[in-house]
Amino acid sequence: MFDDQQTNEPVTCSFCGKTQDQVKKIIAGPDVYICNECVDLCKEIIDEELASENAPTEITDVPTPAEIVDYLNQYVIGQEEAKKTLSVAVYNHYKRINKMAETKADEDEPELQKSNISLIGPTGSGKTFLAQSLAKILNVPFAIADATTLTEAGYVGEDVENILLKLLQNADYNVEAAERGIIYIDEIDKIAKKSENVSITRDVSGEGVQQALLKILEGTIANVPPQGGRKHPQQEFIQINTTNILFIVGGAFDGIETIVKNRLGDKTIGFGTNASTTVEEDKSLMQQVIPEDLLNFGLIPEFIGRLPILSALEKLTEEDLVHILTEPKNALVKQYKTLLGLDGVELKFTPQALHAIANQAISRNTGARGLRSIIENVMRDIMFEIPSRNDVAKVTVNKKTVIEGAEPEVELIDEQAS
């Protein structure tokens, strides 16, 4: 403790500035004082850092592809082919990491190369959500990046290393954990070359970004600025090995159907059939995309080569969207039923109302992503009024409520009792 008789000046904590009257205790050191509150804070910081350092960095029990699909089925409706492709790819990726850790010194073992993934599908088909769900079941750090914000070094915009910074931040700056994480890069189709003609000006956000991404996709020791950006040139860099980071890229690739159709147009499908009428008989055009089509779309060969696994997601139908509203563990209808249930009110959506919500999402071309904003708009007045009433037993949302904004059907407690 300290001797306050040696000076008439009030003693304050050297860290937070609080006086002895404002805290329980102040501990004295050589020309320095610390209060009990700052001691507690220091202990919390040290405990957090130790917990981060001791966090497991290996996935000891990698779920099988079947187990991964079973998990995805709880949250993702449809897209069966994509789920199967992703589950196998992710299983092999983390099995490869564990194998490499076991056989580092064995030069006779064959080298297992990383297989990053491309997801092609319309807006709102579930590309981002699939990637998030994979990271969740594997309990690995996850980060999302937008390809449209990236530029090559020397231009205004985000460096590709900032993608790794997001992953590192989500791993609480545990480098080893980040090096086994998953990064999802959205809007990857937006960095395709716009044409085959060589432009006089530099392609800042197209081919240049593809070139900048090549090394981290393949595996390199990247220097990551802990403060991000280019505003702190004197900062020390954190080195991250990207060899074991799984990269998943996604994009809508609007217009790629035409490229696929042109490729298939010269080929006869089946015996004595017209190719132009049978292109979509067995699979949708999106399901028939191959690397050659991505090349024609504007991705460079080296970039395509770093993404050997290709999976296409189909456009969600009205029936799919209705299932998304009602079936998954985190279904929006289930969430709203629970919220109103906390006020003692039962909530019901008629089948016609659910189809009307799904139809609006399709007409807006937003897919599953647009469902929340539509249902939020439908439920706003209901969620505003119900907490102020104690006579409501049940609320039924019908088609008119969704389309015209009409009042929902309300059943009162007295009516239900009678």
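Cβ from N, Cα, C; glycine included.
Taken from Swiss-Prot, the feature Zn(2+) binding site applies to Cys13, Cys16, Cys35, Cys38. According to Swiss-Prot, the ATP binding site annotation covers Pro122, Thr123, Gly124, Ser125, Gly126, Lys127, Thr128, Phe129. Among the features that Swiss-Prot reports, domain 'ClpX-type ZB' is placed at 1-54.
Under the DSSP three-state reduction, Cys35 (Zn(2+) binding site) is assigned to strand.
Cα of Pro122 (ATP binding site) to Cα of Cys13 (Zn(2+) binding site): a distance of 58 Å. In sequence order, Cys35, Glu37, Cys38 constitute the residues six or more apart from Cys16 (Zn(2+) binding site) in its chain with CB-CB distances below 8 Å.
Neighbouring residues of the recorded Zn(2+) site, listed in sequence order and excluding Cys13, Cys16, Cys35, Cys38, comprise Ser14, Phe15, Gly17, Lys18, Val23, Ile26, Tyr33, Ile34, Asn36, Glu37, Val39 (Cβ within 8 Å of the Cβ centroid).
The binding-site residues listed here are Pro122, Gly124, Gly126; among them, Gly126 has the most other Cβ atoms within 10 Å of its own Cβ.
As a whole-number mean, the pLDDT of the domain 'ClpX-type ZB' (1-54) in this prediction is 79.
For the binding-site residues listed here (Cys35, Cys38), the lowest count of other CB atoms within 10 A around the CB belongs to Cys38. Within 8 Å of the centroid defined by the CB atoms of Pro122, Thr123, Gly124, Ser125, Gly126, Lys127, Thr128, Phe129, the record's ATP site, lie the Cβ atoms of Gly121, Gly250, Leu313, Gly367, Ala368, Arg369, excluding the listed residues themselves. Put simply, Phe129 is the one of the binding-site residues Gly124, Ser125, Gly126, Phe129 whose Cα lies nearest to the Cα of Cys13 (Zn(2+) binding site). Around the Cβ of Thr128 (ATP binding site), the number of neighbouring Cβ atoms within 10 Å comes to 16. Each of the binding-site residues Thr123, Ser125 was scored by the number of other CB atoms within 10 A of its CB, and the lowest score belongs to Thr123.
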